[in-house]
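Listed in Swiss-Prot for this protein:
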DISULFID  119-275  disulfide bond
DISULFID  166-198  disulfide bond
DOMAIN    119-275  domain 'F5/8 type C'
SIGNAL    1-23  signal peptide
């Protein structure tokens, strides 16, 4: 089965540079480029948010920087399946390809070289440092966080926060609750660190993760190697931080943490990790 006609290539993550010479290609070898197919990018519409570049221009620019970290995300919709255990991009020779990769659902077949299975370096997104603003962090039933609960808003879900109101506390204790982060721009997310409430024995013991690149797209569950929704194991006390790395990393603007189990109450402090191509 061929790729749906509305599927086009976008490129994300940081400033996008189009080298104009072989020398520029060499000097831009540390540029991070993220390529992925997005089902909702419709029928030849220009990628307005990416500097008015067409999908083909973006593809060629991406592939011209061969030493970049390349991550691919295939979003084929709810009714279609992508059975490959990895995704691939043709960046072998440093030349722009003349066509998109050939992709067939259900066949695990993609032309090109393997994408990055794991990030070489990570850096905190900025929950603990405060660079993530309160309005970037939301939760289920947030309009009901009044009175005492107004001190335990989702914006309090910051790693190592101390004092009263030192975590996000869910007002309801069931599996329909979630905490959501808007990264403003799509980024390469490579891991998550979690803690419980600092002043009481309340924490999340396990959770799942959803993500998407646009609010108009369906949520995608992060899967394990068997194709099932991955269950991440969380905390066992109030203060220790537990790290879960994403292998492979994901391209996302929106991230949702969905608690599956908890001790006493759903309580969360966290930090997200971003994928870096070099230690900085």
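Keep in mind that glycine also has a Cβ here, set from the backbone N, Cα and C atoms.
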Field: Distance [Cα-Cα, Å, rounded] between residue 275 (disulfide bond) and residue 166 (disulfide bond)
entry: 27
Statement: Using a 10 Å radius on the Cβ of residue 166 (disulfide bond), the other Cβ atoms enclosed count 23
Statement: Its Cβ having more other Cβ atoms within 10 Å than any other among the disulfide-bonded residues 119, 198, the winner is 119
Message: Taking only the residues in the domain 'F5/8 type C' (119-275), give me the average pLDDT of this model.
response: 93
Query: Given residue 119 (disulfide bond) and residue 198 (disulfide bond), what distance in Å do their CA atoms have, once rounded to a whole number?
result: 30
